[in-house]
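The feature active site, proton donor is assigned by Swiss-Prot to Tyr102. Annotation comment: Swiss-Prot describes Arg155, Asp268, Asn417 as NAD(+) binding site, evidence class sequence analysis. Taken from Swiss-Prot, the feature active site, proton acceptor applies to Lys173, supported by sequence analysis. Residues or ranges marked as divalent metal cation binding site by Swiss-Prot: Glu244, Asp245, Asp268. The annotation site 'Important for activity' is assigned in Swiss-Prot to Asp268.
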Amino acid sequence: MTETAKRPLYVPHAGPSLLEMPLLNKGSAFSTQERIDFNLQGLLPHNIETIEEQTERAYSQYNLCNTDLDRHIFLRSIQDNNETLFFRLLEEHLEEMMPIIYTPTVGQACQEFSKIYRTHRGLFISYPDRERIDDILRSATKNNVKIVVVTDSERILGLGDQGIGGMGIPIGKLSLYTACGGISPAYTLPVVLDVGTNNPDLLNDPMYMGWRHERVSGAQYEEFVDLFIQAIKRRWPNVLLQFEDFAQTNAMPLLERYKDELCCFNDDIQGTAAVAVGTLLAACKAKGEKLSEQTVTFVGAGSAGCGIAEQIIAAMQLEGLDEAQARRRIFMVDRWGLLTDDMSNLLDFQHRLAQKRADLGAWGGQQGDDLALLEVIRNARPTVLIGVSGQRGLFSEEVIRELHSHCKQPLVMPLSNPTSRVEATPQEILNWTDGQALVATGSPFQPVQVGDKRIPIAQCNNAYIFPGIGLGVIAVRANRVTEGMLMAAANALANCSPIVTQGEGAVLPALGDIREVSKRIAVAVAKQAQAEGKALHTSDEVLNDAIEANFWFPRYRAYRRTSF
């Protein structure tokens, strides 16, 4: 416990209003003296409980829920009533509850957002209110915001346009910043930019709570986002802004436009890339190989897939390859087949990842020929297969067996979310490779039994990366998030892998260890920020103390009454 946590907190609120503040409410844990000082006598049952007793009751209530969506709603209701209790409950049951508060259950919660809505959380900034964004930000109840997660809800997981229902993603992401990275919930703010929706189900739903209008696009959209960014810079100039679940047509341009203007990153592009590269590095270390020796095939060439590919290329260059050599080891397969330089429909960020058809030799065919996934596997002979397509079943038995025929221990990463969109299940992949493949998935899966072996499945979850990035940025007050910082995070994650540290187990650490993993990532990120001049340099001792000081634990502090 830090010295700050031991000191009393001076609180100017009292009575029912105090009980209605999730960041301050202790419920039945208010002491006798606090009940007197804060005019709470008679507003709570007589018995005074510890947080351990409250957590036990909450968990027993949680177990009465019948469905995962019911469990999600229950946990969110606790969060909206008592954040300390919510995060204590998560701390004690993180592996069990993480799939409930985030993927895959959060996908359904986003789809049902208007139907299950209970109370406000975060900010809803709609296009019709674009001239009042400064006023909206000033109305936020949190003054010392250090991390904002913002979405426009156009590409929620693999579910597409969910309108304001996408707010479930920033809420869930920030819950993980706290549960996994120790970021105080007092420092976090979820935001949804309501620019309308093109989802006809929502437009025709009488219960839909968002702006009932087709999506704003083009120059109007860009102007609106810029109004938001500039207002954020005025309100919280040192904030870390995370872009979340923007469509690929906007995600990369927004990142490129603002990455040198404020401290920001896109988790779908850069966070996904960092955890994927960390997974690859761990697998390579375990096999005694180099990343630069691998050949990687992607299924899905959107912004997430291309972001991963670019970071792999950068990592290969750090191992000695030149850029051209590294790019020749990356094969991007999309709905039209392998991306090649003679295609006329490539997006801007895809051009640099397209293979030169002339370099493919006989199997490259003629200009205009589509090269399907199986053909790419058969001829490129990859050692790594990554799925970010959102299409169930694309990793067929024929594809996986072909992959295994030339690579004894391939790394297969079906990363699409939610579970219903995964390219292949771990059970299928391991059955088709005689239990030899290394598997990491985007959604959580139970261990797989293959013969007499029980094989744990690593969830290639961005939660291994972004909480540590946030903690490191906050600890040293970094003013930017750089590619070097993301690479430092990936390397730190790889060094925590059980198959690296113990020679067996999953490719990634157990979720139960994620808070310690986040601290190690925070140290690596902070040191890299200092090395690049993005933060003031300190000694290692001062840096470690700063990380510990910023690491919040869900414990109640004693309260003292004060006036405004």
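Here the Cβ of each residue, glycine as well, is placed from N, Cα and C on the backbone.
Features recorded in Swiss-Prot, as mapped to the structure shown.
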| residue | record | contacts (Cβ under 8 Å, 6+ apart) |
| --- | --- | --- |
| Tyr102 | active site, proton donor | Gly172, Lys173, Ser175, Leu176, Ala463 |
| Arg155 | NAD(+) binding site | Asp161, Asp245, Phe246, Ala247, Gln248, Ala251, Asp268 |
| Glu244 | divalent metal cation binding site | Val149, Val150, Thr151, Ile169, Pro170, Lys173, Asn266, Asp267, Asp268 |
| Asn417 | NAD(+) binding site | Thr103, Pro104, Gly107, Leu157, Gly158, Gly390, Gly442, Ser443 |
Cβ within 8 Å of the mean position of the Cβ atoms of Arg155, Asp268, Asn417: remaining residues of the chain near NAD(+):
Ile156, Leu157, Gly158, Asp245, Ala304
Helix, strand or coil by DSSP: which one applies to Asp268 (NAD(+) binding site)?
helix
Neighbours of Glu244, Asp245, Asp268 excl. site residues, C-beta within 8 Å of centre, divalent metal cation:
Thr151, Arg155, Ile156, Ile169, Phe243, Phe246, Ala251, Asn266, Asp267
Other CB atoms within 10 A, centred on Lys173 (active site, proton acceptor):
26
Check the DSSP secondary structure of Tyr102 (active site, proton donor), expressed as helix, strand or coil.
coil
Tell me the Cβ neighbour count for Asp268 (NAD(+) binding site), meaning other Cβ atoms within 10 Å of its Cβ, over all protein chains shown.
26
Between the two most separated Cα atoms in Arg155, Asp268, Asn417, the residues recorded as binding NAD(+), what distance in Å do you get?
12
Could you tally the C-beta atoms, other than its own, that fall within 10 angstroms of the C-beta of Asp245 (divalent metal cation binding site)?
25
Would you mind pulling the DSSP three-state label for Arg155 (NAD(+) binding site)?
coil
